[in-house]
Amino acid sequence: MDIAIQHPWFKRALGPFYPSRLFDQFFGEGLFEYDLLPFLSSTISPYYRQSLFRTVLDSGISEVRSDRDKFVIFLDVKHFSPEDLTVKVQEDFVEIHGKHNERQDDHGYISREFHRRYRLPSNVDQSALSCSLSADGMLTFSGPKVPSGVDAGHSERAIPVSREEKPSSAPSS
């Protein structure tokens with residue numbers, strides 16, 4: 001069963017009336033004033049209009065691409081190291097978990113944790129799945145698709161996260 005994948009900017013169809021940033025994946029990054037009071041910017045200056053697309057695309061929201069021959073997940077995990085990340089496949093799902101213990105930053109102590117779960121298409125070759133973390137903190141999980149009728153090999157296993165030294169060239173669509 002394939003699931004339709006929606007691009008993140010569709011979620012902002014209602015513009016400033018839709019406070020979705022509060023629920024997006026922002027690991028330790030503060031909220032802006034317009035996140036709590038979306039009407040404030042339009043009341044101060046009726047000509048001011050904040051960029052809807054830039055904030056959503058740069059926000060750390062995951063992106064899933066599924067084309068004819070490949071399935072790819074991009075996830076911004078810039079606050080986590082490969083040791084903090086666990087990626088495993090269970091049946092038709094990939095689970096990505098990140099957690100780092102409490103550590104000191106500029107404002108005190110902080111700990112972060114997230115858990116994402118994605119359904120894999122039925123024709124993804126699970127024996128050839130790979131996962132890498134770029135230098136700029138972009139996690140890329142990918143797997144080739146097999147022709148229909150060929151066994152894709154479903155089993156439970158952990159996928160190691162490899163470290164890349166170059167920045168990601170991923171989701172800037």
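Just so you know, glycine gets a Cβ as well, placed from its N, Cα and C.
Taken from Swiss-Prot, the feature domain 'sHSP' covers 52-162. Annotated N6-acetyllysine per Swiss-Prot: Lys70, Lys99, in sequence order, evidence recorded as similarity to another entry. What Swiss-Prot records for 144-173 is region 'Disordered'. If you look up Swiss-Prot, you'll see 153-167 marked as compositional bias 'Basic and acidic residues'.
Between the C-alpha atoms of Lys99 (N6-acetyllysine) and Lys70 (N6-acetyllysine), the distance comes to 28 Å. Cβ neighbours within 10 Å of Lys70 (N6-acetyllysine), excluding its own Cβ and spanning all shown chains: 12. Across the domain 'sHSP' (52-162), mean pLDDT in this model comes to 84. The Cβ neighbour count for Lys99 (N6-acetyllysine), using a 10 Å radius and every protein chain shown, is 13. Each residue of the compositional bias 'Basic and acidic residues' (153-167) gets a DSSP state, and the totals for helix, strand and coil are 0 helix, 6 strand, 9 coil.
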